[in-house]
Amino acid sequence: MSSVILDLQIACEHSQGLPKETLFQHWLDGVLPQFQSESEVTIRIVDEAESHDLNLTYRGKNKPTNVLSFPFEAPPEIDLPLLGDLIICRQVVEKEAEEQQKTIEEHWAHMVVHGCLHLLGYDHIEDDEAEEMESLETEIMQKLGYADPYLAEKE
């Protein structure tokens, strides 16, 4: 049994064509156990309207985005394995996959890996942080059997 608990919420109008829950679990299992022995993550799949609202409210950006990460910070006296929530916008992920000439599955996997690293405290604001995070993403994606998600940018 996995040491990562997944709470998958499908909050988009059309759910056909989305990755199966087992794939989301596989992606979480590919990234989190190397950092934490136990984790619980909520992944909420949303449409552009909800992504736009959340991105505006929490990041001040007036557009939908691919993935938002909301780390859970419990008070010190509470010991919970809850890592946080990932909000992933279906339409943005599908559009980006096409633009970046990636398979949809590959880009979904990348968004889960990318979001989990944010939940773990990684960031890409500064160049050195971005380099470290992208390197980890590439390593994890390749371990999961996918290509380097930043390959096109490196060519």
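Please read every residue number as a count from 1 along the shown chain.
The backbone N, Cα and C atoms fix where each Cβ goes, and this holds for glycine too.
Source: prediction; values computed, not measured.
Zn(2+) binding, as stated in Swiss-Prot, involves His114, His118; the candidate among His52, His124 given for that site is His124. Cβ neighbour count for His114 (Zn(2+) binding site): 24 (other Cβ atoms within 10 Å of its Cβ, all protein chains included). Of all Cβ atoms in the protein chains displayed, 16 besides its own lie within 10 Å of the Cβ of His124 (Zn(2+) binding site). The Zn(2+) site, placed at the center of the C-beta atoms of His114, His118, His124, has further neighbours from the same chain whose C-beta lies within 8 angstroms: Val67, Ser69, Gly115, Leu117, Tyr122, Asp123, Met133, Glu137.
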